[in-house]
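> Annotations per TrEMBL:
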- A:63-316: domain 'AB hydrolase-1' (DOMAIN)
- A:Ser130: active site, nucleophile (ACT_SITE)
- A:Asp285: active site (ACT_SITE)
- A:His314: active site (ACT_SITE)
Number of protein chains: 2
Amino acid sequence: MSLDYEVYNLGDVKLQRGATLRDCKLAYKTFGTLSPNKDNVIIYPTWYSGQHYDNEWLVGDGRALDPKKYFIIIPNMLGNGLSSSPSNTPEPYNGPRFPQVTACDNVRAQHRLVTEKFGIEHIRLVTGWSMGALQTFHWGALYPGMMDLIAPFCGSAKCSRHNFVFLEGVKAALTADAAWKEGWYTEKPQRGLRAAARVYAGWGFSQAFYRQKLDIEALGYSSLEDFLVAFWEGFFLPKDPNNLLTMLWTWQNGDIGDNELYNGDFEAALGAIKARAYVMPGQTDLYFPPEDSEFEVAHMPNAKFVPVPSVWGHFAGGPGTNPKDVEFIDAKLKELLAS
Amino acid sequence: MSLDYEVYNLGDVKLQRGATLRDCKLAYKTFGTLSPNKDNVIIYPTWYSGQHYDNEWLVGDGRALDPKKYFIIIPNMLGNGLSSSPSNTPEPYNGPRFPQVTACDNVRAQHRLVTEKFGIEHIRLVTGWSMGALQTFHWGALYPGMMDLIAPFCGSAKCSRHNFVFLEGVKAALTADAAWKEGWYTEKPQRGLRAAARVYAGWGFSQAFYRQKLDIEALGYSSLEDFLVAFWEGFFLPKDPNNLLTMLWTWQNGDIGDNELYNGDFEAALGAIKARAYVMPGQTDLYFPPEDSEFEVAHMPNAKFVPVPSVWGHFAGGPGTNPKDVEFIDAKLKELLAS
């Protein structure tokens, strides 16, 4: 089989919470060519349940992330079904036994890919949407001298308590389905996946988005129910439930300060991010509200608060859903890369 | 058995959506004494899953709703377990066969109680929180000449599309549990009720509430998980699932314009509300955002927009959860009643 992506074998990876992920695989895709002096590197991690395909909307000729100029690496998050995940890991760490993986584990694995596989020592930019932003912040805090720029958008450096609660709702809906069988499902827990999708639907887009009927007027669905079934349920149903729960745990436990460098000191971790940063929350994002980004920016030495003016809620940041927001983010990334 | 409330028998009630609720019962509680000329009446409907007990926090000596001055009637919403509900209606309209009841049906039933039972022709004030606000708006639009004042707080005259979607998530979580058995449950669907509770938890309070750890600092829970279990799951578990789903349907289909008076013309219905109104959204309410109240006020001839300055989200309005918000609402009701 010919894949459109590569896999880097990390061997046995000891995870932050104690387990060892043996024969750990990191799937990634690259765009463009690494320059001879390796100074044109952009890292662009994936988001909750997204795969590298789902990141490609921001990459292209004439875009900030232009493969003619940059060597862009999209590493797939552990648990996303392409990198090591509950769905593709052999026994005994398969399915619901897949270990707890932190964003820190993810970024350390990505750092090995970047340094060991490509011999890259310096990165121009790290950027990402949502959990991609979480990983971006981790890059900034774990390897502060390594990159010039970071641009996390619609995400945070630490899962807020409210965001944690929102995710509890998604998880509870998915796992209320008896077909889930505590993760030992033999067939897809349809009701649970669809319930999780419906829970997510209210959070993903803003009140104003729904008020303006952009599900119909902009996205072309035929009714609100059509949007809930075709967009939301359709989005969740193909995903593996244990993969979703693994990434959800990663999200809920995301915190750039939760490692031996910062010992839980979140503000110290923010303060250690040397990179010039554009922190770009969606102005109407319900689970990454701009207030949390403002706090982060206030504690980062070299960061600018750049909210995305949009009623598209969390989807102001991706995955290419609203052309105007894409233009805004692309323009800001160009501005940052030109600096 | 001695009840602390009364029941008014409405007989056979033909509902808006076609079914007849036979031997329909409206449970209510009154406070204070009806004055000889019946000019001291306040109607104060209940909210989603709440019973008249849960409204009493706003009633008391020295309060705006002072039983020494006013005759206060708290009618229980149909479906809330005290008035006719899936849980207490005899076959064949029991359980999941309980008919669809609109807010309009509710308020018409309440109107019969007020006029037939008490011979009241004029109301001083109608007020209520959340779905109580929905019923308050209905009073204003269905009986425009009947009351001087209305004060809906943390609610709306029509269920917004976003609010509808939020409720879809709650419903999907509850009904994902196989023990729900499409409403024919023989034992409580524990997982579904707990899942619905967790979904609700992120919506009920604001991001700022959780950021400030008010679950711990103000409400005294020992941890976030303790709050989710003791407050939220504890709140949902005693409720009958079919009752919850009946009231949820009422909520989702709430619209003061959806009746033969206004034929779906929401703005005309708003425009018909003659009463002097204080429309009081919670400033950080995630499902009744102030923007929707502003729209309503702009289309009402005699209304004032009075947001409750609070980070308590939807719970800025009740049920007496935050003393400061109670004081604010009480003060505004006094102001309105003095006018």
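Numbering starts at 1 and runs along the chain as it is shown here.
Each residue, glycine too, has its Cβ placed from N, Cα and C.
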> Cβ-Cβ under 8 Å from A:Asp285 (active site), same chain, 6 or more residues apart: which ones?
A:Cys154, A:Ser206, A:Gly313, A:His314, A:Ala316, A:Gly317
> Which ones in the same chain are close to A:Ser130 (active site, nucleophile), with CB under 8 Å and 6+ residues apart in sequence?
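Listed in sequence order: A:Trp47, A:Tyr48, A:Cys154, A:Gly155, A:Phe288, A:His314, A:Gly317, A:Gly318.
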> Determine, from DSSP, whether A:His314 (active site) sits in helix, strand or coil.
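DSSP call for A:His314 (active site): helix.
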